Each structure stands twice: as C-alpha cells, then as structure tokens.
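A.B. asks: Feature list, courtesy of Swiss-Prot:
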BINDING   Ser62, Arg209, Lys212, Gln229  ATP binding site
BINDING   Asp74, Asp76, Asp147  Mg(2+) binding site
REGION    12-59  region 'Interaction with dsRNA'
REGION    199-209  region 'Interaction with dsRNA'
SITE      Gln157  site 'Interaction with dsRNA'
Amino acid sequence: MELRHTPARDLDKFIEDHLLPNTCFRTQVKEAIDIVCRFLKERCFQGTADPVRVSKVVKGGSSGKGTTLRGRSDADLVVFLTKLTSFEDQLRRRGEFIQEIRRQLEACQREQKFKVTFEVQSPRRENPRALSFVLSSPQLQQEVEFDVLPAFDALGQWTPGYKPNPEIYVQLIKECKSRGKEGEFSTCFTELQRDFLRNRPTKLKSLIRLVKHWYQTCKKTHGNKLPPQYALELLTVYAWEQGSRKTDFSTAQGFQTVLELVLKHQKLCIFWEAYYDFTNPVVGRCMLQQLKKPRPVILDPADPTGNVGGGDTHSWQRLAQEARVWLGYPCCKNLDGSLVGAWTMLQKI
C-alpha cells in the first residue's frame, strides 16, 4: 500500500513493513562498506611517491546516522587524509586525491584484488567534492552506491558529548568568508552531524524515515527542485524537540507537525547550540548574521556557516504545495475524516 492511502493509525506498521531495513539488507550494506573502508585504509595510497596516510574513515549520510531506508543502498564515506592540513588544502587538493582513489579502484578492478566490480561514474563538476561509484559483488544481492569524500581532519580526536574547540569554527568562518563559500566544508564535521542524530530515540528515527520517504515521493514529481533532504531531517528533529520529546508518540501527529512546519517555511528560524554557541565572539557574530537571513533559516548543528534551509524559496514553495495536498490524505486523518492534529509547539511559529 502507498503511503498516501495508508490510514494514520497504520503508519507505524507501514514504516515496519516498508521502510525499516531488514537484518539481511543491513548486513549486506555493512559488508560493502567494510570492503571499501579496508581498500581506503590498506591499499589506496600505498606506493605513491608522496606517502599519504588515511587518519580515519567516517561513515556519513543515512547509514552513519541510522536512518537508512529499505532498498536505498547508498553510503557516504568521508576519508580524512594526513596530507590535507587545512580547509584551504581540502578545497585546493581534493581533486588530486579523488583522481588517485579512482585510479586505485580501477587498478583493483583490473587485478581482481577484491571480489567486487567498481563502476566508476564520471564527475559532473570541475572540482568535485566526491568520487561516486557503484560496488557490486556476487555475495551482495544488490548494488551499493558510494560517495567517497576526501576531507581535512579539522576536529582531530573529538570526544562524543563534548563541544569542539571554538577556534576550529573561527578558522572555518574565516576561510568561508574569504572565499564566499558557506557550508563548503561541512564534510569536515561529519562526525558531529552523525552524533547529532545517532543517539535519538528509535521512534524519532522512524519518523525521520517516514519524512524521508515522503520527500522521495515528492522528488519523483519535482526532481532536484526541492530543498535538501538534510533540511527535512533537521526539521523533523526540531518538530519532535518542540512538540513531543517523548520516546513513544503518535507517528501521525509527528508527520502532520512536519508537514505544517513546511507550510510555515517563511517563518522558520531554527538553530541548535550542541556543538557551537554565541560564547565566542566570532562564532556568535556568524550565527547572528545567519539568523538575520531571509527565512527559512535552518542552521546545520555541526557547521555554523551552513544554512541548509536557505538559498531557494521556490524549492520550499513546491514542497509546501505537496504538504498542503498530503494533509488531505488518509495518512493524516482519523477514521471520522478529521485531522489527527499536530503537536503543540513550545516555540510558536
């Protein structure tokens, strides 16, 4: 059954039956990720004239945050390299490291070092942020899409639960300001983005999956003319924090709350102080400048230079049109035809 035809009372079952990855699927994707991580750490930069060491590989995206949708087998792997010693280095040199990773992948394929097939895709831009490829193997029932992103290890040995040194953000803000590239280095803070969502209640992650599924359904009509999916994930967290904060809640009410927030996109101004705050004058000034921007403003909790909600009001208008239509579907209604009702928000919008 499609989501739009699913009664509100059955949304939890819909998530369980259609959106939660099963154990076999999760194991397969994990195996694929392990293959690529091993390649990056053990093989990729061996034998190069100028030794390059991989300091760590961090799993980002849905698989890192624990919000993967069933059937969508993709993984973001951020590769932190010792040769990238600044934000400027990352911007200037990531292209050469992407080329080297690609060269080694193709060599592995020719030598059949791994029992996998790499179908390397051509980069679509001059200075790509990522190398995209598809990994397939007789052991895997389906292909897994990868984005591998070389990055500068700005955080170093960061301990979960602690705020990074504000000076890291001061350097980030200076670099972004001088280049006019806000949010350009968000990959450096993948661990924080992952940490922000990772330990949330299971049911909130299920609601995020539902919202992502709705977003993907809308994308079939509008293509890439919608706001970033990450903005919808953060909007869902905000809805839960402001409207519920319970580990057990009505999924239908949560879903309706997110749809209604999309309708109010012109009033949204959302930020968190989990990893940075107003204490440091440079960071505080950057945050205030961001919060004065035209709505919607949804600041990346890991990167004060990244307003993931901004940039294109038309994209939000398209999504709002969809939200208005979806509020009339059974997934938002009680048996008597009335709306299930959104959560009462602590912060009025």
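Here the Cβ of each residue, glycine as well, is placed from N, Cα and C on the backbone.
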A.B. asks: Please work out which residue of Gln157, Gln229 has the most C-beta neighbours within 10 angstroms of its C-beta, and give that one of the recorded positions.
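C.D. replies: Highest number of other Cβ atoms within 10 Å: Gln229.
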A.B. asks: Six or more residues out from either end of the region 'Interaction with dsRNA' (199-209), which same-chain residues have a Cβ under 8 Å from its Cβ atoms?
C.D. replies: 12, 15, 19-20, 66-67, 69, 233, 236-237, 240, 247-249, 251, 254-255, 258
A.B. asks: Spatially speaking, which of the binding-site residues Arg209, Lys212, Gln229 is closest to Asp76 (Mg(2+) binding site)? Use C-alpha to C-alpha, please.
C.D. replies: Gln229
A.B. asks: Quick check: which same-chain residues outside Ser62, Arg209, Lys212, Gln229 lie with their CB within 8 A of the centre of the ATP site CB atoms?
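C.D. replies: Nearby residues not in the site list: Thr67, Thr68, Leu69, Arg72, Ile208, Val211, His213, Tyr215, Gln216, Leu232, Glu233.
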A.B. asks: For the C-alpha pair, I'd like the distance in angstrom between Asp147 (Mg(2+) binding site) and Ser62 (ATP binding site), rounded off.
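C.D. replies: Cα to Cα, Asp147 (Mg(2+) binding site) and Ser62 (ATP binding site) are separated by 12 Å.
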A.B. asks: What are the helix, strand and coil residue counts for the region 'Interaction with dsRNA' (12-59) according to DSSP?
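C.D. replies: Tallied per class, the region 'Interaction with dsRNA' (12-59) gives 29 helix, 6 strand, 13 coil.
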A.B. asks: Mean pLDDT over the region 'Interaction with dsRNA' (12-59): what is the value?
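C.D. replies: 87, rounded to a whole number.
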A.B. asks: DSSP-wise, what's the residue breakdown of the region 'Interaction with dsRNA' (199-209) into helix, strand and coil?
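C.D. replies: Each residue of the region 'Interaction with dsRNA' (199-209) counted once, the result is 8 helix, 0 strand, 3 coil.
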A.B. asks: To the nearest Å, how far is the Cα of Arg209 (ATP binding site) from the Cα of Asp74 (Mg(2+) binding site)?
C.D. replies: 15
A.B. asks: Consider each pair of residues in Ser62, Arg209, Lys212, Gln229, all listed by the record as binding ATP, and report the largest Cα separation in Å as a whole number.
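C.D. replies: For the residues that bind ATP, the greatest Cα distance is 11 Å.
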A.B. asks: Using Cα coordinates, what distance in whole Å links Lys212 (ATP binding site) and Asp74 (Mg(2+) binding site)?
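C.D. replies: A Cα-Cα distance of 14 Å.
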A.B. asks: Whole-number Å only: compute the distance from the Cα of Gln229 (ATP binding site) to the Cα of Asp74 (Mg(2+) binding site).
C.D. replies: 14
A.B. asks: What's the CA-CA gap between Asp74 (Mg(2+) binding site) and Ser62 (ATP binding site) in angstrom, rounded?
C.D. replies: 8
